[in-house]
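Participant: Shown below is the structure under consideration.
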């Protein structure tokens, strides 16, 4: 069967549905069609084709709830070019744009005031130099608990963050590793929930039950560290009010603890929190606080689905639909979102703007609206050395994460002599608590064996150990039973050993960011610390490159006769 030339304008065979329209014609035999061909609409044929829609309606951008974003982009482009130019194809066909009834609804009037009005940012810079927690307005019961734990003066980042979070602002907390970021968000949260909160008139009538704060961490070690911090502040009688939901632990016991203890704070890893939430065992719709610790790691692709569920369910009123016309802005306003990390690359800034409501960036002695931060665009061409490229931003983030009171050195050694150099380094610096980093798990045991053979107490820590074994190793290391902890990249984040006075890189870190994370294990809370990198002669150029990127003096040295000898070296650019 063929279509004649005279019939092509009036009799066009169309396969139409609510999703697409396929047009066949102009002397095309059916037998030659193995699959339908999609061709452009002819001007004369367009007027004769009627769109067939099913009951569910057409698949449009409006039905996907992304129409507003497209319109915004079009308006932005029109502003740059001086006006919206009609499409040449649309003008040729005399097409009129179809207005969706979905878009005709007054969205702004439906939004609650809390989602529309911006919060007033009040900054009392005198609090940046606060000498006590009383000056920050914490409740008396909480201050008493802090005094019993020996915590009397806030750090710089705590002085800046506590008042901002107490004013109900969404915040991004950025400070170097070991500066006290965990307490910077825990203290204002515990001022609002739990037995240590400040008394209010609603206490007698408030029957809120369930989880009120969810803290997400990328690793089990960091999650358990946060749990211990909360338990320490709550005290032995109320530590049941915090529950860990980390991967690797027994899930059924975690679910039983949720049912029995009814915790107000949940701390866990994305996968386990999402898993228990999907099973209906964790209810977070009435949650008031969502904290994402080490958020730059939580933005990784492997956390995407779990983080999507957490962001959709935590602090969202039960009974609302995912396609509610109020949109994500209203849902964000139902909770207070706090993002925390030692590094704040451009990806974190974009995430904060998307997940939070008028967030502010909190640094030591500094609080600024996040909207004032310029987000660099990806560079397609070769970037200039002085350009504001994303790679330069990442390097700057690594610089910001380094504790300020560190000394950096590097020495050269043959691969087979690295362990002996490690031992001589520890003796020369008289270090008592040492963390040695390697890139792989397999050689850890060999390094521990060689150190033990020379009379130096050492142990290993890696991901293949079970949860109980890891906890035991960390406890013994913190208690001083082991002098050296040999580990891999697993512990570069979240490992909190305040007494650590020396970090040694037995293997070179992969980049300057990983160097900064490793170095952050020492020099915590203002203490002094030392970082030594042991490399081969052929690897010294990598150290010089990281020195340039981090803008810190990594000095060449050697260890002879039980002493540290520092060499002078001109910078090699």
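Just so it is clear, glycine is given a Cβ too, placed from its N, Cα and C backbone atoms.
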Participant: Suppose you had to name the range Swiss-Prot annotates as motif 'DEAD box'; which of 289-292, 293-296, 297-300 would you pick?
Facilitator: 293-296
Participant: Under 8 Å between C-beta atoms and at least six apart in sequence, can you list the same-chain neighbours of residue 179 (ATP binding site), or say none if there are none?
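Facilitator: For residue 179 (ATP binding site), the qualifying residues are 155, 156, 157, 364, 403, 524, 525.
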Participant: Minimum Cβ neighbour count within 10 Å among the binding-site residues 178, 180: which residue?
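Facilitator: Taking 178, 180 as the binding-site residues, the minimal 10 Å Cβ count falls on 180.
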Participant: Note down the number of other Cβ atoms within 10 Å of the Cβ of residue 175 (ATP binding site), including every protein chain shown.
Facilitator: 26
Participant: Counting only residues 6+ away from its ends, which parts of the chain sit with a Cβ under 8 Å from the motif 'Q motif' (131-159)?
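Facilitator: That would be 166, 173, 175, 179-181, 183-184, 187, 190-191, 195-199, 232-235, 362-365, 525-526.
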Participant: Considering the binding-site residues 177, 182, which residue's Cβ sits among the greatest number of other Cβ atoms within 10 Å?
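Facilitator: Highest number of other Cβ atoms within 10 Å: 177.
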Participant: May I have the DSSP-based helix, strand and coil counts for the residues of the motif 'Q motif' (131-159)?
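Facilitator: Per-class counts: 16 helix, 0 strand, 13 coil.
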Participant: Setting 175, 176, 177, 178, 179, 180, 181, 182 aside, what same-chain residues sit with their Cβ within 8 Å of the center of the Cβ atoms that define the ATP site, listed in sequence order?
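Facilitator: Same chain, not in 175, 176, 177, 178, 179, 180, 181, 182, Cβ within 8 Å: 155, 157, 184, 342, 524, 525.
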Participant: Mind tallying the motif 'DEAD box' (293-296) by DSSP state, helix then strand then coil?
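Facilitator: With helix first, then strand, then coil, the motif 'DEAD box' (293-296) has 2 helix, 1 strand, 1 coil.
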